[in-house]
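Asker: Marked as domain 'Dihydroorotase catalytic' by TrEMBL: 49-235. If you look up TrEMBL, you'll see 60, 62, 151, 304 marked as Zn(2+) 1 binding site. According to TrEMBL, the substrate binding site annotation covers 62, 63, 64, 94, 308, 322, 323. According to TrEMBL, the Zn(2+) 2 binding site annotation covers 151, 178, 231. Per TrEMBL, active site is recorded for 304.
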Ligand SMILES: NC(=O)N[C@@H](CC(=O)O)C(=O)O
Ligand SMILES: [Zn+2]
Ligand SMILES: [Zn+2]
């Protein structure tokens, strides 16, 4: 049975598409994309007034399984991804146990088989992500990890990082680093600056991130590997990466929606859902990141979806867990704040949230063309909605965006030719 999506406005400039097109899908593939396809008894989805783009790829997601199933499971995390308009996520290895060996990676692959979206495993750089002994990088590569990262933790020892990069290059894997000098961040809980002083909270200076970004760039230059900086959040880090790129260093970076939209001022009510690594930064940092977004200088957008339980976030700000549950708000926030306002367009979004992550992870990301996998989303730009964490598919209700009123929402996600999410008329349904 073929399905015909009619009358949608399609954006995918890489495949020469911008305007009204009909899309015919058969099995898991796109059979045709044409100005008009005649109905020959197909199953029809009317996308009049809707926008169709390739479904997004989130290269920084925490699925928490195995070990922290109370926070999230592969099933719930992938449902959240489907609802958010993603067809694929890359899963960070900071589970329990850490994905530093083939058994944990195989477990994830098995769990992912029945999930709503595709899952690409990331292996840890060091055993138990302790930063002391390298993981078995060759074995991890054979198991199919798409990158290496100790995310959640920095690799403090520069010698270990150097060796990790050398091994990674032998297997053509990018190294994704969570840049944080722990001697500087210590037990800080928010960005160090005016607001941390006023709120009486221990700060994490911008330098804690920037020093590690600088070190990693030096090591990437020395080893020639592809370095990817996770959740870049400061002006200083951005400048370091820009300079390195200009010198020809193979470095890319990602920015999260929350660092583009919130500042350290958001911590003023001591809401633990504003507590995240790296911390929400200064107004200036945020503005500089938005300028970079506008100038086309950001490589990748990524959620850093970090779900936690209510209990993990309960109590005093100082003791709450770090992290924001981001998969179900990312696209709505980015559309309403940056696309609708003309700061970026749909093709910019695709470059940062589909093509570049696909290229970095070396995974299929061919967009909307005949013969490619039918992974796309149907977005309703007129739909008004309010972020309601109780409607999240994710177990992680920890969002600082609760109650935000947005216009424009993902309504349908197709993964491999199958509709996995349907929110027409507010159904908010996952379909298997
Ligand atoms: N971002 C966070 O604040 N938390 C992440 C870890 C990480 O991305 O560093 C988590 O795993 O909870
Ligand atoms: Zn991190
Ligand atoms: Zn993370």
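Cβ atoms here come from the backbone N, Cα and C positions, even for glycine.
Keep in mind that TrEMBL annotations are predicted by a computer and have not been checked by a curator.
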Asker: On a C-alpha basis, identify the one among 94, 231, 308, 322, 323 that is nearest to residue 60 (Zn(2+) 1 binding site); the candidates are the binding-site residues.
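Answerer: Sorting the binding-site residues by distance from residue 60 (Zn(2+) 1 binding site), the top entry is 231.
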Asker: Using a 10 Å cut-off between Cα atoms, which of these binding-site residues sit near residue 94 (substrate binding site): 178, 231, 304?
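Answerer: Candidates kept after distance check: none.
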Asker: Take the C-alpha atoms of residue 304 (Zn(2+) 1 binding site) and residue 322 (substrate binding site) and report the distance between them in angstrom, rounded.
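Answerer: Roughly 11 Å, rounded to the nearest whole number.
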Asker: May I ask which residues of the same chain, at least 6 positions away in sequence, place their Cβ under 8 angstroms from the Cβ of residue 64 (substrate binding site)?
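Answerer: 71, 72, 73, 77, 95, 307 - these are the non-local Cβ neighbours of residue 64 (substrate binding site), listed in sequence order.
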Asker: If you count CB neighbours within 10 Å, which one among the binding-site residues 151, 304 has the smallest count?
Answerer: 151
Asker: Other than 151, 178, 231, which residues of the chain come within 8 Å of the Zn(2+) 2 site, judged by Cβ distance to the Cβ centroid of those residues?
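Answerer: Not counting the recorded site residues, we get 60, 92, 149, 152, 176, 177, 179, 180, 230, 277, 278, 304.
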Asker: Using Cβ atoms only, which residues of the same chain lie under 8 Å from residue 63 (substrate binding site) while being at least 6 residues apart in sequence?
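Answerer: Residue 63 (substrate binding site) has long-range Cβ partners 72, 73, 74, 77, 78, 89, 91, 92, 95, 108, 119.
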Asker: Can you tell me which of the binding-site residues 62, 151, 308, 322, 323 is spatially closest to residue 178 (Zn(2+) 2 binding site)? Compare CA atoms only.
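Answerer: That would be 151, the closest of 62, 151, 308, 322, 323 to residue 178 (Zn(2+) 2 binding site).
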Asker: Sort the binding-site residues 62, 151, 231 by C-alpha distance from residue 308 (substrate binding site) and give me just the closest.
Answerer: 62
